[in-house]
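What follows is a set of notes on a single structure, which appears directly below.
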Amino acid sequence: MDRSAGLPVRLLLLLLLLLLWSVAPQALRPGSHSLRYLFMGASKPDLGLPFFEALGYVDDQLFVSYNHESRRAEPRAPWILGQTSSQLWLQLSQSLKGWDYMFIVDFWTIMGNYNHSKVTKLRVVPESHILQVILGCEVHEDNSTSGFWKYGYDGQDHLEFCPKTLNWSAAEPRAWATKMEWEEHRIRARQSRDYLQRDCPQQLKQVLELQRGVLGQQVPTLVKVTRHWASTGTSLRCQALNFFPQNITMRWLKDSQPLDAKDVNPENVLPNGDGTYQGWLTLAVAPGEETRFSCQVEHPGLDQPLTATWEPSRSQDMIIGIISGITICAIFFVGILILVLRKRKVSGGTMGDYVLTECE
């Protein structure tokens, strides 16, 4: 089968999985870290999807992937490429293989409870359906933890696990059959709770230690402020580049005083792909007042806050000078052209009043 034919379906599946992810807790508290796994799969290969595929994220940065066909964990972050022989990686690979098996069993259970399979004389033939799972944990600055485990079926919320009660919350009536079946097996519920409250936080701490050992204590190597023009007006953008860990605070100052939060767009922080991060903060300003504003950055790797301001570059001054010169020259030549045309008009009128006499 042509794999390219399943690409649109794969993109749709990823979109559905992101929708499922969006309802999981993602706004990390300052000093917190997270470990998340996204599982997805299709019941039939005609969708161009594997039976099981897994993506692992630490602090929202992809670091491992796995699929049912290869049955191998693949490193997806530069800082973990050389660690595939470590004990942590071997444990991670074994966990993903176990989840592969459990995912397929759960998939068949859910489809059976939905009557989404056809029974023939020879075998049970499943219909085409999609299962998504998100699970993981967070370790907060005070060393407390929280976990989550959710199932989505055909793009809709299905079940969510509650570690405190060991129960499953059904998102729709047809999920009750699976809920009751899973809650009868208390061993599974206790194992799920132990993973979220013990194993997952331990693994997260190990991954973070490995990441820090490879990257070291990165700090913003460059903080700069740039000016931008648009149809909506003038804005300043503050950029902090190549820092680690992810936690960073960026704020705008006007005349050395912090601006009200309601006047500032929220900061954006994204991974670079090499284990470090970049962040930026924008602010709309009135033309001519750019120099009154400065950007202040705080980061664990800095001894004190770092402040940067916008400064016009020489190239910008040169461009402005050239544009001004061209404008003045254009006005000058237009003025000369108008004078010439006016003189020609006057001369043309005089010539029009003069009549040549006929030759005798």
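Every residue, even glycine, has its Cβ placed from backbone N, Cα and C.
Of the listed cysteines Cys137, Cys162, Cys238, Swiss-Prot assigns the disulfide bond with Cys200 to Cys137. The cysteine that Swiss-Prot pairs with Cys295 in a disulfide, picked from Cys238, Cys359, is Cys238.
Within its own chain, Cys200 (disulfide bond) has Leu35, Leu135, Gly136, Cys137, Thr145, Gly147 as residues 6 or more apart in sequence whose C-beta sits under 8 angstroms from its own. Non-local contacts of Cys238 (disulfide bond) by the CB criterion (under 8 A, 6+ apart in sequence, same chain) comprise Val223, Lys224, Val225, Met250, Trp252, Trp280, Leu281, Thr282, Leu283, Cys295, Val297, Ala308. The DSSP breakdown of the domain 'Ig-like C1-type' (220-309), given as helix, strand and coil counts, is 6 helix, 51 strand, 33 coil.
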